[in-house]
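Q: For reference, Swiss-Prot lists these features for the protein:
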- 189-258: domain 'HMA' (DOMAIN)
- 282-570: domain 'NB-ARC' (DOMAIN)
- 1-190: region 'Structured coiled coil (CC) domain' (REGION)
- 191-264: region 'HMA-like domain' (REGION)
- 681-706: repeat 'LRR 1' (REPEAT)
- 708-731: repeat 'LRR 2' (REPEAT)
- 732-754: repeat 'LRR 3' (REPEAT)
- 756-777: repeat 'LRR 4' (REPEAT)
- 778-800: repeat 'LRR 5' (REPEAT)
- 802-823: repeat 'LRR 6' (REPEAT)
- 824-848: repeat 'LRR 7' (REPEAT)
- 945-968: repeat 'LRR 8' (REPEAT)
- 979-1002: repeat 'LRR 9' (REPEAT)
- 1004-1027: repeat 'LRR 10' (REPEAT)
Amino acid sequence: MEAAAMAVTAATGALAPVLVKLAALLDDGECNLLEGSRSDAEFIRSELEAVHSLLTPNILGRMGDDDAACKDGLIAEVRELSYDLDDAVDDFLELNFEQRRSASPFGELKARVEERVSNRFSDWKLPAASLPPSSVHRRAGLPPPDAGLVGMHKRKEELIELLEQGSSDASRWRKRKPHVPLRIMGGEMQKIVFKIPMVDDKSRTKAMSLVASTVGVHSVAIAGDLRDEVVVVGDGIDSINLVSALRKKVGPAMFLEVSQAKEDVKEITAMLAPVKSICEFHEVKTICILGLPGGGKTTIARVLYHALGTQFQCRVFASISPSSSPSPNLTETLADIFAQAQLGVTDTLSTPYGGSGTGRALQQHLIDNISAFLLNKKYLIVIDDIWHWEEWEVIRKSIPKNDLGGRIIMTTRLNSIAEKCHTDDNDVFVYEVGDLDNNDAWSLSWGIATKSGAGNRIGTGEDNSCYDIVNMCYGMPLALIWLSSALVGEIEELGGAEVKKCRDLRHIEDGILDIPSLQPLAESLCLGYNHLPLYLRTLLLYCSAYHWSNRIERGRLVRRWIAEGFVSEEKEAEGYFGELINRGWITQHGDNNSYNYYEIHPVMLAFLRCKSKEYNFLTCLGLGSDTSTSASSPRLIRRLSLQGGYPVDCLSSMSMDVSHTCSLVVLGDVARPKGIPFYMFKRLRVLDLEDNKDIQDSHLQGICEQLSLRVRYLGLKGTRIRKLPQEMRKLKHLEILYVGSTRISELPQEIGELKHLRILDVRNTDITELPLQIRELQHLHTLDVRNTPISELPPQVGKLQNLKIMCVRSTGVRELPKEIGELNHLQTLDVRNTRVRELPWQAGQISQSLRVLAGDSGDGVRLPEGVCEALINGIPGATRAKCREVLSIAIIDRFGPPLVGIFKVPGSHMRIPKMIKDHFRVLSCLDIRLCHKLEDDDQKFLAEMPNLQTLVLRFEALPRQPITINGTGFQMLESFRVDSRVPRIAFHEDAMPNLKLLEFKFYAGPASNDAIGITNLKSLQKVVFRCSPWYKSDAPGISATIDVVKKEAEEHPNRPITLLINAGYKEISTESHGSSENIAGSSGIDTEPAQAQHDNLPAVRDDYKGKGILLDGRCPTCGRATKIEEETQDRVADIEIQTETTS
């Protein structure tokens, strides 16, 4: 809340940040403010601080219908004044020394404050929140009684089946399907069914001939009991023109069905269908109906309430009005439930209680009474519109679970509540109310139009506005009903011209808050909007910049929020974006395994545009916009969105004042974007030209020459630029540069002059290297170079002391510079899909904050903690330079992606290096490769390491004698991994007392039935075997060892012990190796047997001398593992060793 109080908001404008900026100006002795100007600034600051102190707790912290407050004349004046004051401060700071001495920047603003704020502030009171009667809240989402329940029958049957028969869907969640537009584009097979009164075969032949001659039609047939249906299958069919032609030449045709052809439908259904269990069938005792406002949640719940009511001894239908907290109406809701339950079956829905709760004692009394009354009864409880999880917890507590067939139905528009219900209760089935299909949506809209008698005047083909309404409403029943009704009211003004038609539809959209016939729809949307805190409303209103045909890119929107001053940190903004998803305002499509995209329902966008207009927050201009209205507005345009098809010449020809516009977003290819008069935008801070294909290098150079010096955000993603011009250096205040998906191949040296740059995003470009001037960007906290040909990062990245996020995903980078350890504020390092397998050990200095994304998964690897300070303080300066050759941090491992990075000693060694023993005793994890055995003194050193929790031992050659682990030391060790041809190891009594995980990676070798002794590992929980994919799991050395472990696992006191054996039994090579001869070495690289480098290392130690192997150090023939080949991690399957208990 403290951060939100200092941000730009839709209600208070730039009031909070401009007060901070004004205070800094007054405190800066080098600004050369004249005495008169200083006095003006101090007066303004004093007056506005008093206003801010009043508004902050009363507007920022409260929910509900505060439109009366935010639209109040004084608050509106303060809001506009804050923007002008912000501009005035920046205007003054751009002046040179001499100009400042003669400037009077605040004189006019002081007069405005005196006249319009100070004189009215003394007796001004904050307008009270005006909430409509609670009955309005309950009924706002219901369609009119005569609207008909089009499309509800299928939902009703599905829900009744769930309640009566249960579900075999193991996911317990029926997802809504993505909306398919009414017009199915070319290339996709579609099925269209028309109903036409055809009295004889002549009219049928005429209809079939007409349809068969239509472009895209593959087949046509007559169907229906009365042979009055025409079934058409094809691709790219213009269904609107076809139905218009049938009406003109055959008779009054109407749509019965518009869908994808059967083959495609089957495929899509299979893709969207949840995973179902084969044998299980679960009883469904509670259904959570989830959906958008106006989606039919309450309507279908009411239908179920009446359809099933006679099957239950008592039934309840209770609604909950939204509030800022769960407490105000909860007691009344409980009383309502109790009263209805006692009445038994009732035909009248409850009337909301308007009073407030009378304490927890009464609440608990009601809970106890409801629970006692329902305990022995078959009940149907419907709770409509849950807004707070705490509400549902209390209500759920009052409803007892019994075996008498009681059922509970709840509705909510909040994804977060549905997800928590799904997680917390296995009896809950989440049913997402999907959109009406195109057939039902068309029938509903066209039926309303024809019922009013306006069907003949509504237009045909492309001029049929019902077509536009169906596409805009995305199958939302309430929107279809009320927008179609509003269309009837506007029917006389419809014309044939395309632009006129768009303007009429735009007029209906823009009138959601004003047109009386749309009031029920507006009230339904207002419930969710007013339930948001102000900071979320501000972020949501900014989304009105999008057209309903646009998909929202999460990163792009989040970064614009930051540039606008609504949020300060990207992580915070990401959290807010997720909150808008949870509250149902932004819809996410896709899942964790596919591309995610986001959108806002077109009706919600229209509502947000109307709200934005009330605050003078953002102005949208697109095809069909009434430019005269925008030009004649008495308010200045603060933020402007130009949408596809808008003629930008209007900006120059109209009297529209954009000199105070701080944000310009151009969506899609507007007409002649290079003709946008950027010189008119004198105070622009945010410029987004992304995905505009007409922007090229020459245009960008001209744009940079015209741009305001105070631009903070420049979005050029998806444009056709090939280089960044030198003129960009003038953008001294640029904070976010987004040039991804362009054709640029280098960053200019001038990039170093952008001292305030915070985010640099060059993903999906042809950039091959970062310039050395990158070191000058001391404010940079996000560097994203993913999907570029960059193969090396310069050491200068270590100078970026404020860097928090570095992404080199899907690049050619193999190794990170050691200077990365100097990035003390780094929080996220993304090296997925690269050859980076290790980090320099210096990265351990930032382990407490750093999260590493490695491999090809999204699971983060935490770096080892608790040893950084000891490492730094315990290593002499002269020795520290050599440590890079001795130690690194492995983030990708042959055993699988570790959850915690492991300190790794590169290369192969005869013994544990002396430097490790002298300076790295404090390590919490260690991965080392030895040539053929673990010497006694080395084992003693490992056993006495005080913090060692994870140990990985790898052996180049097969140890001649088993390595014995006795009961001394290893007190902290929890994970032990052995990488050897065959695991020659034996655990004695009380060995490794806290070991929980034992893991083997092995290949092939002589069979042995020697005991391993896992029964002596008292804390053991899991044993994992990973066999090399080049050898069969039934090779003698492998199968014999597995058999030994299986037998010991059956005898372990902790049984059952989980045993994991790799499931990759299929041969990767046509040649398998089952003997101990000619076997691949167990190096860090899986190579084909013919390429093994160390297959025949002698087993006798003396023979190593002749092969260049140092007795007291590394084996130089192995080298440092910097060229580890990428490989797919072994898959493992669970095999639980079950033992029969003996009596």
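Cβ atoms here come from the backbone N, Cα and C positions, even for glycine.
Walk me through where these features lie, including what they touch and how far apart they are.
A: Mapped onto DSSP helix, strand and coil, the region 'HMA-like domain' (191-264) counts 26 helix, 26 strand, 22 coil.
When pLDDT values are averaged over the repeat 'LRR 1' (681-706), the model yields 87.
Packing against the repeat 'LRR 2' (708-731) from elsewhere in the chain are residues 90, 94, 556, 559-560, 563, 681-697, 700-701, 737-748, 750-751, 753-754, 761: each is 6 or more residues past its ends and has a CB under 8 Å from a CB in it.
Listed by sequence, the residues of this chain that lie at least six past the ends of the repeat 'LRR 4' (756-777) yet keep a Cβ under 8 A from its Cβ atoms are 555, 559, 562, 570, 717, 732-750, 783-794, 796-797, 799-800, 807.
Listed as Cβ neighbours of the repeat 'LRR 5' (778-800) (distance under 8 Å, sequence separation of 6 or more from its ends, same chain) are residues 570, 735, 740, 755-770, 772, 806-823, 825, 830.
Mapped onto DSSP classes, the repeat 'LRR 7' (824-848) shows 6 helix, 6 strand, 13 coil.
Helix, strand and coil content of the repeat 'LRR 8' (945-968), in residues and according to DSSP, is 0 helix, 9 strand, 15 coil.
Nonlocal intrachain contacts for the repeat 'LRR 9' (979-1002), taken as residues 6+ away from its ends with a CB within less than 8 angstroms of a stretch CB, comprise 894-895, 929, 952-955, 957-959, 961-967, 970-973, 1008, 1010-1014, 1016-1028, 1037-1038, 1041, 1079, 1081-1082.
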